[in-house]
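S.K.: According to Swiss-Prot, the record shows the following:
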- 1-105: topological domain 'Cytoplasmic' (TOPO_DOM)
- 1-90: region 'Disordered' (REGION)
- 1-19: compositional bias 'Low complexity' (COMPBIAS)
- 27-45: compositional bias 'Low complexity' (COMPBIAS)
- 68-90: compositional bias 'Pro residues' (COMPBIAS)
- 106-126: transmembrane segment (TRANSMEM)
- 127-153: topological domain 'Extracellular' (TOPO_DOM)
- Asn132: N-linked glycosylation site (CARBOHYD)
- Asn137: N-linked glycosylation site (CARBOHYD)
- 154-174: transmembrane segment (TRANSMEM)
- 175-181: topological domain 'Cytoplasmic' (TOPO_DOM)
- 182-202: transmembrane segment (TRANSMEM)
- 203-206: topological domain 'Extracellular' (TOPO_DOM)
- 207-227: transmembrane segment (TRANSMEM)
- 228-255: topological domain 'Cytoplasmic' (TOPO_DOM)
- 256-276: transmembrane segment (TRANSMEM)
- 277-297: topological domain 'Extracellular' (TOPO_DOM)
- 298-318: transmembrane segment (TRANSMEM)
- 319-352: topological domain 'Cytoplasmic' (TOPO_DOM)
- 353-373: transmembrane segment (TRANSMEM)
- 374-389: topological domain 'Extracellular' (TOPO_DOM)
- 390-410: transmembrane segment (TRANSMEM)
- 411-451: topological domain 'Cytoplasmic' (TOPO_DOM)
- 452-472: transmembrane segment (TRANSMEM)
- 473-487: topological domain 'Extracellular' (TOPO_DOM)
- 488-508: transmembrane segment (TRANSMEM)
- 509-554: topological domain 'Cytoplasmic' (TOPO_DOM)
Amino acid sequence: MSGPQYGAQPGGYYNNNNNYPPPPPNSYQMNPMPTDGNYGQQPQYGYGGGPPPQQYGNGYGDGGYAPPQGPPPNGSKPPPTDGYGGPPPSYDEVFKVQKPKYNDWWAGLLFLATVAGFVAVSAISIHGYADNRSQNNGSLNGQRNTFGLTTHTIYLFVWVLICAIVLSYAYMWMARKFTKQFIYATGILNIVMGLVTALYMLSRKYWSGGIVFLIFVVLQALFFWSCRSRIPFSTLMLQTAIDVSKVHGHVYLVSAVGGVIGTLFAAYWAITLVAVYVKFEPDPNNAACRNAGGCSSGKVIGLIVFITFAGYWISEWLKNTIHTTVAGIYGSWYFNSRNYPTKVTRGALKRSLTYSFGSISLGSLFIAIINLIRQLAQAAQQNAAQEGDILGTILWCIFGCLIGILDWLVEFINRYAFCHIALYGKAYFAAAKDTWKMVKDRGIDALINECLIGPVLTFGATFVAYACGLIAYLYMVYTKPAYNDGGGFTPVVVAFAFLIGLQVCNVFTTPLTSGIDTIFVAMAWDPEVLMRDHPDLYHRMVQVYPHVQEAIHA
């Protein structure tokens with residue numbers, strides 16, 4: 001009796017009673033693979049019900065092979081494997097959506113409304129800042145303004161942006177040139193930089209900032225030490241992602257364009273932040289308060305919260321759009337490496353900005369809300385520390401850790417859901433559910449947990465954020481602006497400098513994480529493609545992590 005075919009898995013996993021798409025159909029006849037003496041066991045079979053093919057010969061699509069078993073349910077058509085015997089197909093043909101529609105459109109409209117609101121607040125605030133520019137200039141440290149942020153702060157954020165761009169670019173360059181040493185260097189440099197920043201702040205008796213940075217350093221050091229055994233497998237996955245990106249140069253083009261857009265937005269956001277303080281900060285010396293609308297602390301707090309939320313959402317949307325676009329490139333490489341499609345980058349970007357725009361906006365919204373809550377918790381923790389409230393500081397620290405765990409969980413789901421969205425064009429919740437179910441059932445979650453690239457790149461982004469925060473702190477200490485005579489604005493400026501550095505670096509490094517995430521998701525869809533079309537990668541994975549055979553054949 002022949003084994004089960006795609007679309008008729010045991011237990012009805014891929015039948016029409018659920019929403020899970022089958023792995024991409026293989027357009028070749030399944031032949032048994034002999035026992036590999038290197039691994040000492042018979043090959044395990046995947047979701048297809050049969051073993052991977054014995055040979056890697058071409059001639060696909062000549063009519064002598066078993067046809068695919070039909071499209072998956074719910075209008076999602078899996079990508080066909082290498083189609084030989086004709087011109088390369090386009091991205092839209094390979095990853096065709098049967099019934100395309102604008103998924104999660106309401107989230108897309110809400111995102112556009114938030115962008116419009118941010119632009120409106122920015123325009124009003126910058127106009128008020130421009131009308132009173134003479135009061136906010138005076139000199140580098142803005143001596144004419146003693147009540148709020150000034151042009152001095154814009155100069156500061158310019159240096160922060162320069163630092164973020166240079167370090168992010170250098171970090172990406174180091175990943176390409178020194179891949180094997182990259183993970184060790186990232187962990188060590190991040191810990192050292194965080195420790196230096198914490199000790200310097202403590203030496204200046206800036207207790208709240210120093211304690212927070214010191215806690216981060218201790219947690220990162222413990223994590224890095226406990227994960228030493230996972231570095232070889234992580235290095236292999238990073239090398240694979242970089243090797244593919246070198247062949248398909250659009251990966252770095254997307255990264256460069258995204259980095260430029262992210263930097264420009266960060267500059268625009270920083271100017272808006274300063275302008276809000278100038279326009280609405282209540283003070284008898286603030287000329288802007290004499291105009292219509294007036295000033296109040298409530299307006300300042302409300303607008304700062306709104307532009308912070310909008311900044312998180314817009315930057316997350318940009319990062320996830322890059323992620324979804326790059327996922328299309330790596331998905332095309334995995335499933336069609338021998339007949340790479342045309343217009344891949346264009347097709348993936350088009351889908352991200354049209355049918356999947358709402359889904360990307362929705363996933364980004366969750367992260368933006370969580371990040372905003374964490375930012376508010378950090379501000380409350382710093383305020384409690386400044387007031388000497390030890391219990392409050394500890395409680396806010398615990399709350400921040402819980403929010404951090406929630407952030408990690410949602411980010412984890414988003415990364416793989418967006419890979420599914422890039423290739424299948426499904427709605428956010430359906431993609432998240434289907435992808436996680438498939439990854440879990442395949443055992444790929446074990447490989448994901450074994451790979452450190454996500455945490456390592458987060459370490460790198462944190463290193464850049466540390467540097468930006470340190471520059472902001474030094475700038476505030478040595479230029480001594482009049483508005484910061486009592487040091488009250490130092491935590492605010494340092495926190496936002498940290499945020500800018502973190503988000504800019506995350507945009508630059510997104511293509512690397514996208515590539516690795518897509519490879520994992522593609523392996524869950526069809527591990528036989530890995531063994532047939534990428535045997536060298538499969539054998540190297542087995543060498544550094546022997547349990548990979550059990551994981552991908554679960």
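Even glycines carry a Cβ here, placed using N, Cα and C.
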S.K.: Please tell me whether the transmembrane segment (298-318) and the transmembrane segment (106-126) touch - that is, whether there are at least 3 C-beta pairs under 8 Å between them, with each pair 6 or more apart in sequence.
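M.R.: Yes, the stretches contact each other.
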S.K.: Going by DSSP assignments with H, G and I as helix and E and B as strand, what are the residue counts for the topological domain 'Cytoplasmic' (319-352)?
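M.R.: Tallying H, G and I as helix, E and B as strand, the rest coil: 26 helix, 1 strand, 7 coil.
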S.K.: Does the chain bring the transmembrane segment (182-202) near the transmembrane segment (488-508), so that three or more CB pairs sit under 8 Å (pairs 6 or more apart in sequence)?
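M.R.: Between the transmembrane segment (488-508) and the transmembrane segment (182-202), which are separate recorded stretches, there is no contact, as judged by 3 or more close Cβ pairs.
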S.K.: Six or more residues beyond either end and a Cβ under 8 Å away: which residues meet both conditions relative to the transmembrane segment (106-126)?
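M.R.: Contacts of the transmembrane segment (106-126) (Cβ under 8 Å, skipping residues fewer than 6 from its ends): 268, 271-272, 275-276, 278-280, 303, 306-307, 309-311, 313-314, 317, 357-359, 361-362, 364-365, 428.
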S.K.: Do at least three CB pairs under 8 A connect the transmembrane segment (390-410) and the transmembrane segment (256-276), leaving out pairs fewer than 6 apart in sequence?
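M.R.: Result for the transmembrane segment (256-276) with the transmembrane segment (390-410) is no.
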S.K.: Could you pull out which residues elsewhere in the chain have a CB under 8 Å from any CB of the transmembrane segment (353-373), counting only those six or more residues past its ends?
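M.R.: Sequence-distant neighbours of the transmembrane segment (353-373): 97, 100-111, 305, 308-309, 312-313, 316-317, 319-321, 324, 403, 406-407, 410-411, 414, 417-418, 421-422, 425-428, 431-432.
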S.K.: Using Cβ distances below 8 Å and needing 3 or more such pairs, separated by at least 6 in sequence, tell me whether the transmembrane segment (154-174) contacts the transmembrane segment (488-508).
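M.R.: Stretch pair touches.
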S.K.: Can you give the mean pLDDT for the topological domain 'Cytoplasmic' (175-181), rounded to a whole number?
M.R.: 82
S.K.: So how many of the residues in the topological domain 'Cytoplasmic' (228-255) end up helix, strand or coil by DSSP?
M.R.: 26 helix, 0 strand, 2 coil
S.K.: What else in the chain is close to the transmembrane segment (390-410), if you only count residues 6 or more beyond its ends and a Cβ gap under 8 Å?
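M.R.: Answer is 208, 211, 215, 366-367, 370-371, 373-374, 377-378, 380-381, 384.
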S.K.: When DSSP states are grouped into helix, strand and coil, how many residues of the topological domain 'Extracellular' (203-206) land in each?
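M.R.: Across the topological domain 'Extracellular' (203-206), DSSP assigns the residues as follows: 1 helix, 0 strand, 3 coil.
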S.K.: Cβ under 8 Å, sequence separation of at least 6 from the ends of the transmembrane segment (452-472): give me the contacting residues as numbers and ranges.
M.R.: 156, 159-160, 163-164, 167-168, 171, 182-183, 186-187, 189-190, 193-194, 196-197, 200, 209, 213, 216, 220, 223-224, 227, 230-231, 234, 237-238, 241, 415, 493-502, 504-506, 509, 512-513, 516
